[in-house]
Ligand SMILES: [Zn+2]
Ligand SMILES: [Zn+2]
């Protein structure tokens, strides 16, 4: 099952040096989940050949503009392009009011319904579930209420061994994939373990947008497979990071190490950094398996 994320924006606050504000597109089993939607997200989707019309779920971490100023434009374009199927949006309660007022004064009546799910930033909870994945909130420590999101794949059914499965009727596949043995009319037993192999282990992807270092959110991201963590500043600006409730590159490495993440992606870089290599190296000095979550890169999760 496909489980990958494409980075659409890696900049904090403003678009600079060809870096866009925060947005990521998660593809889970060919369904699209948009995580944050900074200004320019639509154009980034087009640039990387990702069809906006395929997005069914949008998750907004908080109401600083660099995380949602692209949303009204994206929703408007979906309307203009004839969308009729609903879209689900998860975000701070006030987001719906912000959207509605923009639609009201532009006299826009959307052709498709927005199903809005307000998020409380008081404690971590499960906010979404379908047959592929569950999503829980991560309570972050920022200047305004902010939640990250952890996407956890569900355990999949066993996989058919093609050569063997080709020799038996398809009608038995479902039971065998569920791990059940099947008795044929002549009494022969088809054993699930002979015709199938174990499914891939479920993976998890944790998205920690704007936050300062705070051990209170560590339990929810413990042992995640891939952790995205903001690194707005380098560690020589720790005071500035604390003042603005952001994380340094060094601290992000520490978070990944302490929680036992397997891989770390870093982003949300301050506009003071024209190049990013020093940031990467600072994080890697603590947590080696780190990569820059920059525009256009796709990571298998
Ligand atoms: Zn931000
Ligand atoms: Zn912010």
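Using N, Cα and C of the backbone, Cβ positions are placed for all residues, glycine too.
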Which residue of 132, 194, 200, 210 does TrEMBL report at the same Zn(2+) 2 site as 66, 67, 268?
-> 210
Would you mind sorting out which binding-site residues among 64, 210, 268 put a C-beta under 6 angstroms from ligand 2?
-> 64, 210
Across 62, 64, listed as binding-site residues, the smallest other-CB tally within 10 A is for 64
If you take the centroid of the Cβ atoms of 62, 64, 142, 210, the listed Zn(2+) 1 site, which other residues of that chain have their Cβ within 8 Å of it?
-> 61, 63, 67, 140, 143, 144, 146, 209, 211, 245
Relative to ligand 1, which of the recorded positions 64, 66, 142, 210 have a Cβ found under 6 Å from one of its atoms?
-> 64, 66, 210
